[in-house]
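The structure under discussion appears below in the form of structure tokens.
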Amino acid sequence: MMPSRPPFWPVRARSRSPVRVYYALQLLRHLPTSLVVVVHVVSDLHLGPLDLVLMGVTMQAATVLCELPTGVIADIFGRRASMVLGFFGMGVAWLLVGLVSSAITIIVLWGLYGVAQTLVSGAREAWLADEIGEERIGAVLLVGARVRYAGSVLGLVGQLLLGLVSLRAAIVAGGLALVTCGCVCLLRMPETGFVAAGTAGGSARPLVVLRRGCSVVRASRVATAVLVAQLPLGAVAATFDRLREAHFLSDIGLPRIGDLDPLIWFGMLWLLAMCLGFAGTGMVIRLEARGGVLAVGHALTVLTVIELLALLAFGLTGSTWLALGAVLAVFFARDLAGPARTIMLNAQITSSAVRATVLSLSGQVQAVGQVVGGTALGLIGGAWGIRAALVGAAVTGIPAILLYVRGAREMARVKRG
């Protein structure tokens, strides 16, 4: 029997149900909201557009450079160890953003937050799959998505209310929530299903583990299709996330109801999107229960089609209300596609010893798409306007649909035998 816990990790957790621990982490992880951070650094610290861009670029660069290496680390030294360090790092960085005033320091902290985040991203789902088994992970991930929405709503409302008193206090509270995640992992997180890469019939050297993870992907047409699809979808996500508010403010306008501040409008839109996502996750849960991974694969294709059509409508329309509906549709489809994609990819990973590496590889491919494709589409926006960039993003995402269709067909072929 292989050791389930890396011997060097000094603190033994008082084990709790892995599902309950996962739900608790989903709730706490999504209590902090970046909206409060943005308002603070713009209105209180007067960071300019270049500073804001550098914050985003620094985090994306950290993801590109560290996502895959930290996944390898999680496969070698343990998912619990990786998540403890990641959550503590995220919490301290977020907390300090609320305490300092230097633009350079905030940019550096945001980059450190990005590095710490990569320690969590691949390890979390890998740990869960090892603890509860692949046959249960789909349903748990989907319920976890609903818990995430609940945490996001509670966090947004709570931090906005606290922000009315002190934005710094609201940011610090968000950092403490992330530190609490680290404490939960340290004190309550079981790790009984983990087998270190070095004890799973091969070397524990990082490059060897990386090659084994890539071999798992190459051996599965479905996994290859899902991973390659993240490249254009990364460009789509980066363009939408960077330009949606600017498109409303510069090109379309917001509804004129009273004297509501744009920040309040965007906050209300975000809340409504999360409520729709919470409701929509229930449909995907029922779909997964009835049709399994194959049904989820078909749903992922449909959700991607909805996302790109809604993005195209958002880029072309001049109607405020149609634009609001299109944005909600993009949020809805993209948020549901996330857990569906993880379920589909998890089902293709044949070796638990490289699970975090493969999941991190997906995140890194998407990050590359965000940096490269998002930058190219941003240049298009600078030359021909925001509408051109949004329409270009919708077109850029079409190959992802074709790849998902191919992946779903391959799963159907394997199922038929």
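A Cβ is built for glycine as well, from the same backbone N, Cα and C atoms used for every other residue.
Beyond the transmembrane segment (21-42), the same-chain residues lying 6 or more positions past its ends with a Cβ under 8 Å from any Cβ of the stretch are 51-52, 55, 87, 94, 97-98, 103, 106, 124, 128, 140, 143-145, 147-152, 154-156, 158-160, 163, 167-168, 170-171, 174-175, 177-178, 180-181, 184-185, 188-190, 263, 266-267, 270. The transmembrane segment annotation in TrEMBL covers 21-42 (among others).
The transmembrane segment annotation in TrEMBL covers 54-77 (among others).
The transmembrane segment annotation in TrEMBL covers 84-113 (among others).
What TrEMBL records for 160-187 (among others) is transmembrane segment.
Annotated transmembrane segment per TrEMBL: 222-243 (among others), in sequence order.
Beyond the transmembrane segment (263-285), the same-chain residues lying 6 or more positions past its ends with a Cβ under 8 Å from any Cβ of the stretch are 35, 39, 139, 142-143, 145-146, 149-150, 152-153, 156-157, 160, 245, 254-255, 296, 299, 324, 327-328, 331-332, 335-336, 339-340. The transmembrane segment annotation in TrEMBL covers 263-285 (among others).
Residues 138, 222, 233, 236, 240, 244, 247, 284, 322-323, 326-327, 329-330, 332-334, 336-337, 340-341, 343-344, 347, 390-391, 393-394, 397-398, 400-401, 404-405, 407-408, 411-412, 415 of the same chain lie 6 or more positions beyond the ends of the transmembrane segment (292-314) yet place their CB under 8 Å from a CB of it. Positions annotated as transmembrane segment by TrEMBL: 292-314 (among others).
If you look at the transmembrane segment (386-405), the same-chain residues 6 or more away from its ends with a CB under 8 A from one of its CBs are 225-226, 228-230, 232-233, 235-236, 239-240, 243, 246-247, 250-251, 297, 300-301, 304-305, 307-309, 311-312, 314-316, 373, 377-378, 380. Feature annotation from TrEMBL assigns transmembrane segment to 386-405 (among others).
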